[in-house]
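*Asks:* Pasting in a structure now, in structure tokens, and then I'll have a few things to ask.
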Amino acid sequence: MSGFVGVVVSDQWLHSQFTQVELRGLHANFVSASNESGKATLGNLPPVMCKLKALKDILSADDISRILSESATDATEEIDFESFLRLYLDLQGRATAKLGNTKLKTSSSFLKARTTTIRHNISESEKASYVAHINSFLREDKFLKDFLPIDPSGNALFELVKGGVVLCKLINVAVPGTIDERAINTKKVLNPWETNENHTLCLNSAKAIGCTVVNIGTQDLVEARPHLVVGLISQIIKIQLLADLNLKKTPQLVELVEDSKDVEELLGLAPEKVLLKWMNFHLKKAGYKKQVNNFSSDLKDGEAYAHLLNALAPEHGTTNTLDTKDPTERANLIIEQAEKLDCKRYVTPQDIVEGSPNLNLAFVAQIFQHRNGLSVDTKKISFAEMMEDDAQTSREERCFRLWINSLGTDTYINNLFDSVRTGWVLLEVLDKIAPGSVNWKQATKPPIKMPFRKVENCNQVIRIGKELNFSLVNVAGNDIVQGNKKLILAFLWQLMRFTMLQLLKNLRFHAQGKEITDADILNWANKKVKSAGRKSQIDSFKDKSLSNGMFFLELLSAVEPRVVNWSVVTKGETDEDKKLNATYTISVARKLGCSIFLLPEDIIEVNQKMILTLTASIMYWSLQHKADTPETIPEEDIAASDESPAAPSDGENASS
């Protein structure tokens, strides 16, 4: 890992226009069009360029040929990679103009933050707000206290981010316990390998709490690219601020709805939508006639804020806020009134007047946290609690939801069971893991008014699943439309398992062209541990000895000896020690580079599905990173089995 430096571009401005993920992809496309001298001709570029994501379906090969001919008449002229990048930026700009999207956003979306090369400006106000958040929540941290408070006016934030520690700590503030801090490298001076470990741990943990990090690589964080850093921090902070906007944490939210059907709808809403619903609930009670539909333009005049604060905190209420005609003065009074509720200042008057969506959302979330104004209706709360899933179902829902979001599909999902019922999300996932399998001409994109269109989508999902050899006996598309949780979870498990086995299968020089099965993964793990001189061995992914975490720590140490600090590992004899080991195991695996979504409870309780995903992820990482000393899977380890590589293990199927 320490040897990775990414794709280097000598022109610093040009280099700054791309993430490392984008550079690697573009370099691969450039190489495909290059000759032996490492250069490409202008005539070779159009067929390659028109397939790039930012240009696909917008500019054809003929369009690109015509554009290139405007600046050069000789199609045989050779260009290098940097010239290729400049041409790509020019084409990207033209593609954007063709779509009519000439007014580009200057700040990233707060959660669905798609990183592109055309959105590189950052809001200084947002940066200052996030710096204040970090200074406030991490000021007592033993390691960071020497570096805080951060000065928001300079580049101190980005310099601190380069070590990786502050982002890991911020994730733990947002979702406590996500990262075992024993896995963070916290020396004053880190070598490149240790720095890369911290950033790898950060990115994999960010995915595990719901952040979108598809286009961010560790090298981008090593270089602390401002737009990427601010975008990632904004997502982490949003997750923290909206953590209580669900019925499990705040059952009083049932007051926002009238009946059981509305409660189901509330369960499926994204946290920010719940926040808007809460705000409009109080505004309606206060006699405010308008509906607030967003956290930007609808809040610019400050009237909604004034009514909301007067309703929630009548002891601090005043008519002055509404009487003033100047929006900036009104915004000042709003902030003063909110501070009487001990709300942290996320917005300035200018942010309110200009309608900053990210900072307004943060501000409203703070008001909710300090004064939600909801009553306790025991009957409604009891009903909401009855609708909660059992712990096992909740953990699997969380795992599959986060896994789907990590794939970079166009649809971000907040509630798994509600989101998959149209079939569209599942089609997006299938298209990711089995490209070309979806017939998009026969699919309908939400919002879908006609119920039979949802059934059509879901029927196609089931058809593709059968083509991939999933076990789907007596399962129909309507089962998904009806929200059958058991069948949905069983289907998604097969989907995830298929993806893992395909990744391993694609490493053909390791598997010698053979299919990979669960038994191969088990055999590989046992032999890997044994080869490192360790004694732990397991009989299956249901082996109760796995609950103490020792086998996985020995496996991780076997694939990368430096990654486990044995001085912090417990014997795993008590329940508390088992949890410590399980938490440490997950963080060490993520630190190594495994993208996993299980929880410590899954190890402690030996959840065989999650245990398999963890083992397979470690195996995939190991086989990928041992290219210098090829680690083939011996033929005797390729289990002879009639089981399809995508069929469920241990007799489990989707219709059971």
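Glycine is treated like the rest: Cβ placed from N, Cα and C.
Annotation comment: TrEMBL describes 641-650 as compositional bias 'Low complexity'. The domain 'Calponin-homology (CH)' annotation in TrEMBL covers 124-241, 269-372, 394-500, 515-623. If you look up TrEMBL, you'll see 631-656 marked as region 'Disordered'.
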*Asks:* Short question: most Cβ pairs under 8 Å with the domain 'Calponin-homology (CH)' (394-500), which of 124-241, 269-372, 515-623?
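*Replies:* Ranked by Cβ pairs under 8 Å, first place goes to 515-623.
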*Asks:* Per DSSP, what is the residue tally for the domain 'Calponin-homology (CH)' (124-241) in helix, strand and coil?
*Replies:* 75 helix, 0 strand, 43 coil
*Asks:* If you average pLDDT over the domain 'Calponin-homology (CH)' (515-623), what do you get?
*Replies:* 95
*Asks:* Could you count the residues of the domain 'Calponin-homology (CH)' (269-372) that DSSP puts in helix, in strand and in coil?
*Replies:* 68 helix, 0 strand, 36 coil
